[in-house]
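Novice: Sharing a structure with you now.
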Number of protein chains: 2
Amino acid sequence: MGKGILVVLSGPSGAGKGTICKAFLERNKSVRLSISCTTRAPREGEVDGVNYFFTEKEEFEKMIKEDKFLEYANVYGNFYGTPKSYVEETLNSGYDIILEIDTQGALNIKESFSDGVFIFVMPPSLDELKSRIIGRGTETEETLNKRFSSAADEIKLAEKYNYAVLNDTVENAVSKIESIITAEKCKINRIKDHMDVLQEV
Amino acid sequence: MGKGILVVLSGPSGAGKGTICKAFLERNKSVRLSISCTTRAPREGEVDGVNYFFTEKEEFEKMIKEDKFLEYANVYGNFYGTPKSYVEETLNSGYDIILEIDTQGALNIKESFSDGVFIFVMPPSLDELKSRIIGRGTETEETLNKRFSSAADEIKLAEKYNYAVLNDTVENAVSKIESIITAEKCKINRIKDHMDVLQEV
């Protein structure tokens with residue numbers, strides 16, 4: 001058995017990466033979810049240790065100093081970070097991990113983890129993206145405006161990813177992510193060390 | 001709609017690429033098969049214009065001079081070649097093409113068509129490979145020995161491909177090839193010119 005694959009699911013807010021990630025995990029029980037630390041307040045329904053590890057700012061800064069994050073970032077005044085040890089241990093045990101993260105975080109991880117699979121979740125259109133952000137109803141007007149203006153810039157970042165998956169329907173997007181993982185496991189550079197027949201020749 | 005993808009299915013003789021290609025085409029009706037020209041004699045059941053274009057040596061040499069092949073090769077004393085025009089026209093029309101070919105031919109195509117998807121069909125073991133070649137019963141003893149001795153060398157060529165698919169069962173192998181094609185169509189460098197939302201930003 002080879003090492004697991006780190007799948008980084010990213011995209012602009014409102015693209016639907018959270019919904020897709022949840023639906024993906026329901027259909028792929030053996031894939032582990034990477035849970036991030038954040039200093040932002042929980043949204044309604046969010047559970048500590050499930051959606052995030054909700055962390056006090058002081059504790060978060062201590063973890064930064066101790067180099068315990070794969071990446072961390074300050075987004076709209078809140079810290080977000082991916083704890084390093086969980087990801088590494090899980091991959092070494094042969095399990096795949098999916099990590100849902102904003103574009104800034106994804107590109108930071110890509111610098112240190114180029115072996116990961118970086119998937120950009122693409123909204124069908126900018127209009128659709130805007131209505132999804134409004135529909136969420138959890139943002140102040142100021143935050144909404146900030147997100148609108150950065151959406152277009154974030155979509156341009158897609159070219160830095162390995163794949164883009166159009167979120168036309170959640171089911172289509174999840175199926176494509178499943179295919180991407182299957183294909184990645186067939187990539188010659190991932191299998192050459194543990195395909196039995198290659199050891200015979 | 002983007003350009004089609006050229007899928008090159010290759011591997012040592014006896015790996016089962018012919019069976020896999022046939023099963024793949026039955027499940028994927030919109031994918032076109034690339035038909036090669038050959039100067040070798042038809043095997044029992046092979047049909048001209050379906051399995052190969054069976055071509056006289058003189059005609060084949062004329063086509064070489066007129067640069068009408070994507071690749072051609074002399075294998076065990078027979079010529080095999082991939083007609084260029086059919087592949088290019090089909091891809092430009094947006095259809096995918098699958099091409100089943102020996103390792104020598106695949107690597108020749110890779111030099112001029114790096115945009116293709118090169119898949120190596122891997123036998124589960126060398127013993128299994130040998131029994132499949134014997135089981136085919138179409139070879140003389142001399143040809144059999146030639147193929148045995150080159151099988152190991154050919155498997156080492158897998159590292160020059162993009163993907164390797166283990167032929168444990170035909171159904172598993174076909175499913176993996178389908179996933180590879182789906183994933184390739186999500187690759188950012190293939191879609192950036194024709195994903196609508198990318199034109200808006």
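Keep in mind that glycine also has a Cβ here, set from the backbone N, Cα and C atoms.
Caution: TrEMBL annotation is automatic and unverified by curators.
Features from TrEMBL:
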{"type": "BINDING", "residues": "A:Gly11, A:Pro12, A:Ser13, A:Gly14, A:Ala15, A:Gly16, A:Lys17, A:Gly18", "note": "ATP binding site"}
{"type": "DOMAIN", "residues": "A:4-182", "note": "domain 'Guanylate kinase-like'"}
Novice: Can you tell me how many other Cβ atoms are located within 10 Å of the Cβ belonging to A:Pro12 (ATP binding site)?
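Specialist: Cβ-Cβ neighbours of A:Pro12 (ATP binding site) within 10 Å number 28.
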Novice: Tell me whether A:Gly18 (ATP binding site) sits in a helix, a strand or coil according to DSSP.
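Specialist: Its secondary structure by DSSP: helix.
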Novice: Taking the binding-site residues one at a time (A:Gly11, A:Gly14, A:Gly16, A:Gly18), which has its Cβ surrounded by the most other Cβ atoms within 10 Å?
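Specialist: Result of the Cβ crowding comparison: A:Gly11.
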Novice: Could you tell me the mean pLDDT the prediction assigns to the domain 'Guanylate kinase-like' (A:4-182)?
Specialist: 90
Novice: Which of the three DSSP-derived classes (helix, strand, coil) applies to A:Ser13 (ATP binding site)?
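Specialist: It is coil.
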Novice: Including all protein chains shown, what's the count of other C-beta atoms within 10 A of the C-beta of A:Lys17 (ATP binding site)?
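Specialist: Excluding its own Cβ, the number within 10 Å is 24.
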Novice: Counting across all protein chains present, how many other Cβ atoms fall within 10 Å of the Cβ of A:Ala15 (ATP binding site)?
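Specialist: A:Ala15 (ATP binding site): 29 neighbouring Cβ atoms within 10 Å.
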Novice: Starting from the ATP site formed by A:Gly11, A:Pro12, A:Ser13, A:Gly14, A:Ala15, A:Gly16, A:Lys17, A:Gly18, give every other residue of that chain whose CB sits within 8 Å of the mean position of their CB atoms, in sequence order.
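Specialist: Checked against the 8 Å cutoff, the neighbours are A:Val121, A:Pro123, A:Leu129, A:Arg132, A:Asn167.
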Novice: Which residues, sitting 6 or more apart from A:Ser13 (ATP binding site) on the same chain, put a CB under 8 Å from its CB?
Specialist: A:Asp102, A:Ile133, A:Arg147, A:Ala151
